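The next block holds one structure in the form of structure tokens; read it before the comments.
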Amino acid sequence: MVNVIIHGCGGKMGHVVAELVKNEPDCQVVAGIDPTTPALDFPVFPSCEACDVAGDVIIDFSTAKAVPALLAFSKAKKIPVVLCTTALSEETTALMQETSKEVAILKSANMSVGVNLLLDLVQRAAVILAESGFDIEIVEKHHNQKIDAPSGTAMALADAINQAMEERYHYVYDRSQVHEKREKTEIGIHAVRGGNIVGEHDVIFAGRDEVIELTHRATSREVFAVGAVKAAKFLAGKPAGLYTMKEVLQ
Ligand SMILES: NC(=O)C1=CN([C@@H]2O[C@H](COP(=O)(O)OP(=O)(O)OC[C@H]3O[C@@H](n4cnc5c(N)ncnc54)[C@H](OP(=O)(O)O)[C@@H]3O)[C@@H](O)[C@H]2O)C=CC1
Ligand SMILES: O=C(O)C1=N[C@H](C(=O)O)C[C@H](O)C1
């Protein structure tokens, strides 16, 4: 039995993960951590420092500001973390890398199978199309409650393309102050917020007289929760290191 602690259990994703785990025969939620949430079907603690329940793995869907304390907790208790929160600062990312020398951490901006395939597809498309002069733009759309922009997934898609293209691109987020033509070495990244859109990502390759778009559309949060639970089962008991969703899905 894999004992799961949900960090951010009172949020949109925390609730979906808790519901999903109820139907899993080989794992259970033993505790939650969230500052303003009363007890659910499991004990809920207002902070990592207050949590005295032992678990095999933490699933985190919280907020970037909460991640340093989570990493300290994970390191002190030697509990692996599936880190799903987006918009981590450079300092927190460095802290995560440091912490992963002592405990297993899996970080992914998007836990869905589809986006993890898309990360591969955009690399292949970029290698072929950029050489033929295609421009690359990314448009992401999310619900009106999302606090970070652009999405972690949009950044991961841009980074995947850049990695495949010898880091030739820089990112342009807002052209309102740009009064020049687009450069070949830019990837434009654009965020739309509205209603209850779960999460959509379009990667647009625009060439002369032809456009190719690769799109992923999540229509429920369950796709992320399923990936997170799969990752948690994979990570429980693993030695220290930084793991990826690719390793879970292969
Ligand atoms: N990797 C992936 O596949 C996905 C990642 N995400 C990311 O996950 C994160 C959460 O998303 P979502 O559930 O929609 O957001 P919500 O705002 O609905 O939930 C976040 C929860 O974290 C809580 N929280 C705030 N501070 C702390 C703290 N110090 N310790 C523990 N919990 C805390 C919040 O409490 P309070 O409301 O009281 O502040 C809230 O209940 C975002 O960064 C989002 O981008 C989302 C979906 C998929
Ligand atoms: O906040 C969300 O909702 C989501 N966030 C992730 C991101 O920033 O990429 C993943 C998903 O698109 C939903």
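Each residue, glycine too, has its Cβ placed from N, Cα and C.
Automatic prediction, not curation, is the source of TrEMBL annotations.
Binding of NAD(+) is attributed by TrEMBL to Gly8, Cys9, Gly10, Gly11, Lys12, Met13, Cys84, Thr85, Thr86, Ser108, Ala109, Asn110, Met111, and the same site annotation extends, among Asp26, Asp34, Asp120, to Asp34. If you take the CA of Asn110 (NAD(+) binding site) and look 10 A around it, the recorded positions you hit from His143, Lys146, Gly152 are Gly152. Taken residue by residue with DSSP, His142 (active site, proton donor/acceptor) is part of a strand.
Checked against ligand 2, the recorded positions Lys12, Asn110, Lys146, Gly152, Thr153 give Asn110, Lys146, Gly152, Thr153 as the ones with a Cβ under 6 Å from it, listed in sequence order. Distance from the CA of His143 ((S)-2,3,4,5-tetrahydrodipicolinate binding site) to the CA of Thr85 (NAD(+) binding site) is 16 Å.
Between the CA atoms of Lys12 (NAD(+) binding site) and Lys146 (active site, proton donor) there is a gap of 11 Å.
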